[in-house]
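Okay, so here's the structure we're looking at.
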Amino acid sequence: MKHLAILAALLAPLPALADTDPADWAAVTEKADGQTVYWNAWGGSTTTNDFIAWVGSRVAEDYGVTLEHVKLSATSDAVTRVVAEKDAGENDDGAIDMIWINGANFSAMKEADLLFGPFAEQLPNWQFVDVEGKTVQTDFTVPVEGYESPWAMAQVVFIHDTADMPDRLGDMAALQDWAAANPGRFTYPQPPDFLGTTFLKQVLVDILPDASVLAAPVSDDSYDEVTAPLWAYLDELTPNLWRQGRAYPTTGNAQFQLISDGEVDLAISFSPGSASTAIANNELPPTVRTFVLDKGTIGNASFVAIPYNSGSKEGAMVVANFLMSPEAQARAQDPEVLGYGTVLNMAALSDEDRAVFDSLELGIATLSPAELGTAQAEPHPSWMTRIADDWVERYGVAE
Amino acid sequence: MTKHRFLPALPLLTVLVMLGPVLAGLWGTVLPAFGHFPVAGLTGPNLSGFQSLLDWPGLPRSVLLSVFTGFASTLIALSIVMLVTAGWSGTKAFQTLERLLSPLLSVPHAAAAFGLAFLIAPSGWLSRLFSPWLTGWDRPPDLLIVNDQWGLAMTTGLVVKEVPFLLLMTLAALGQAEAARSRTIASALGYGRVTGWLKTVFPRVYAQIRLPVYVVLAYAMSVVDVAVILGPNTPSTLSVQIVRWMADPDLALRVQAASAALLQLSLVIGALVIWRVGERAIGWLGMMWIAKGNRGALDTVAAGISLALATAAALAIFLGLLVLLVWSFAGFWGFPDALPQSFTFKNWMRHSEGVLEAVGETAAIAVPVTLAALILTIGCLEAEYRYGLRLSNRGIWLLYLPLLLPQTAFLPGLQTFMLTIGVDVGRVPVMATHLVFVLPYVFLSLADPFRAWDTRIGTIASALRASPDGVLWRVRVPMLLRPILTAAAVGLAVSVGQYLATLLIGGGRVQTLTTEAVALSSGGDRRAIGVYGLMQTSAALLPFALALLIPALAWRNRRGLRHA
């Protein structure tokens, strides 16, 4: 047994050595041909699912890579699976080849050495990525270091039905006043749903005089003091929420249905183009518009990461690279398709590619990049977990 | 000849196939519940799981919810079915109701729940139909109806689905209860229709449907999909919370989930015991009631109300399915419009690929599982016929065991157990788990017709030199084509409707119509839910239609077999 253990220890690094060097693109594409990539991505949105299916058809055509979308209800499922595989000693060909990830899940996987890389900055299409203007090299304040590659930008916007609520709101204090004047016409997804938790963070970022304290990990010493204004705000807001806060929509998309049912007038979204897309799909009334707060709103990037034990790393890199291509990025930004923000730097593109982006009709309810303004930095992931847990205890198990 | 040695072993094999996963699942629940979970680096035994469960502030409320919705829905559904049978059996109205309700049995719980949610929400169809001309609402009222904290919407959803089930069980039992004769005598003695039935027939019928009633109670207390769609979220029922904890990336939470699963199990066992005690009490009170000799003054009222409620239950499902259909073709549909502004095929086009994939997966699981269940069932029944290996009354409990244990008590444990012994999640384990639930239903639906077959026909066939196998395959099975196909349809419907088994044992990677439809409920996209919900319902209903059609075609020139 002892010998076996030593032998195993000696052999274990070998598969890692056998990985193709991401910088040797010809070798990557050659090995990728014929591979099947299981992309674990949240499957709750039809438009995203359609987009992933399209990516699959394109990488099959160009590179012979078969893409299978494993639809998750929560990204954490994929993290659990990789952890379980590592414990079970499945180090060479795990079930997951690529994960749509960011924030706490990324930070957990990176910390536990569960990710393959660095690879992102060696991919050919990295040259087009807007490293200066977009938060693609840090993820919720955690340095990315090439362990995940960006494919979409998200920023908080508020969606309002102008038929019932004509004017935008400038800050969270104005939202409080509006809710008091219009009880029952606003709600947010129930934390720990990520969008619901994002709403809590957005409140905190907006009402704190100095939000820079959120960039550092939570400390027990200051947590109560920093978050006290948030709980005071919510205590005042909750009785004025839809159903007086006795029920919440489970996800962000469920808010769209509430708006078109006339149940609420205001919702939060993490995708500036989603309102226009939803109008095109009859999921929102055409009177819907979006706005951001005066001080800006929280923004972050969506990434894809490759687990250390994927058996199709080359195929996954091909998909990750394709996701950063001008073709895929322009399609993702098309509000008829997804309406996601691009991660690319327009100045780095060829005239031809740039023309494709310029010709995109962003959609009636989508703000231009200039109107979106500054994206505020995400707090450190530890805040998100702690605040969500606290919310559940205070409001999620109402007596 | 090996086959003949195989056949007597089939009943044992069937019991193993059915109870093996249950026992493995319980084992996989008990160990982590007491803090022993090596995969997460935890070794017990200790009570840390129970400790953190008790520390969860939502516990009292979620326990109360599970108990309340379970008892309330079972009591209400049972009362409706008993009163409507008492007041109306043998009448035209009853026949119509029976015809209305029978196909509804196979409508999956999730689809029925979606339909109901669309109907009764403040911005739902009923509200739209009467707004604004009657109600004056141009905005829906801010009322907590769906997802209400007392679980009333969820209770309604369960009642609506359990009424058809209990009614069919009652109809099957009526035949053996000499209902008609008892009723004649009771009415000759001047008893009203309902009172007479309750005093004479009810005790005998109830004795026969007791196990199905227990199944309904256990199911209602631990259901997950209906609770996710209609039940409250602040907090949810205990079963939903168990599934949430199971899905958490923090493996340590599985210890808490396992402890909660054991709590859920003891809640169900406790509820069954209380129900049993309640039966005794009702029996005792009933004796006094009989002795008092009331002839029944309120009979007409009770019969009227029960018929109205049963009809409402049937209508709720029908209208619910109809509104799913409307949503699946809807363009923009705002409040308070009674119908969408436009109709479009876009929703169906958009979802066609995903739906077809899910249909394929659903069939790839349901068909082999149902075939296996049929083979085992016919094998058991044939072994019983040839060797007299008949299940005792106690044995019947074995059949019901997987249906009586709450799914949340052993399915999470089964997943943990598989993780511990290193078996991969996926389609094959999902099939094995579906078989646990499909087998009892197939067995229960085929056993009576199989046993009722006239054995003299077999004797004649033997006299014509047919071997026992020849008698089975060339005479008995063809003659029993219709009940066999009906049993297969029941099996397929059960498999199609499985949510938790597919979700947990498939590790989220086996995506059937049911798991997709329930996953969509979180997104709230009613057009998508409409498409998936309708496909899910068709997948469950189509086999029943075939079970009627195929024998009619196959025996179009055999008049005597058409009603077999």
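Just so it is clear, glycine is given a Cβ too, placed from its N, Cα and C backbone atoms.
Per TrEMBL, the features are:
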DOMAIN    B:59-274  domain 'ABC transmembrane type-1'
TRANSMEM  B:63-88  transmembrane segment
TRANSMEM  B:100-121  transmembrane segment
TRANSMEM  B:150-174  transmembrane segment
TRANSMEM  B:211-231  transmembrane segment
TRANSMEM  B:251-275  transmembrane segment
TRANSMEM  B:296-329  transmembrane segment
TRANSMEM  B:363-385  transmembrane segment
TRANSMEM  B:397-422  transmembrane segment
TRANSMEM  B:428-447  transmembrane segment
TRANSMEM  B:484-508  transmembrane segment
TRANSMEM  B:528-555  transmembrane segment
Long-range Cβ neighbours of the transmembrane segment (B:484-508) (under 8 Å; 6 or more residues past either end): 105-106, 108-110, 224-225, 243, 246, 362, 365-367, 369-370, 373-374, 377-378, 407-408, 411-412, 414-415, 418, 425-427, 429-430, 433-434, 436-438, 441-442, 445-446, 477, 514-515, 518, 536, 539-541, 543-544, 546-547, 550-551
Long-range neighbours of the transmembrane segment (B:428-447), counting only residues six or more past its ends (CB under 8 A): 14, 17-18, 21-22, 365-366, 368-370, 372-374, 376-378, 380-381, 399-400, 402-403, 411, 414, 418, 480, 483-484, 486-488, 490-491, 494-495, 498, 501-502, 505-506, 510
Non-local residues, at least 6 beyond the ends, that sit with Cβ under 8 Å of the transmembrane segment (B:397-422): 15, 18-19, 21-22, 24-32, 37-39, 211, 214-215, 218-219, 221-222, 224, 238-239, 242-243, 246, 254, 257-258, 261-262, 264-265, 267-268, 272, 391, 429, 433, 436-437, 439-440, 443-444, 500-501, 504-505, 507
Residues from the same chain, set at least six apart from the ends of the transmembrane segment (B:528-555), whose C-beta lies under 8 A from its own: 103, 106-108, 110-111, 114-115, 321, 324-330, 347-348, 351, 355, 358-359, 362-363, 366, 481-482, 485-486, 488-489, 492-493, 496-497, 513-514, 516-517, 520-521, 561-562, 564
Sequence-remote partners of the transmembrane segment (B:63-88) [C-beta within less than 8 Å, at least six residues beyond its ends]: 94, 97, 150-151, 154-155, 158-159, 162-163, 166-167, 170-171, 174, 193-194, 197-198, 201-202, 205-206, 213, 216-218, 220-222, 227, 231-232, 235-239, 263-264, 267-268, 271, 275, 299, 302-307, 309-310, 313
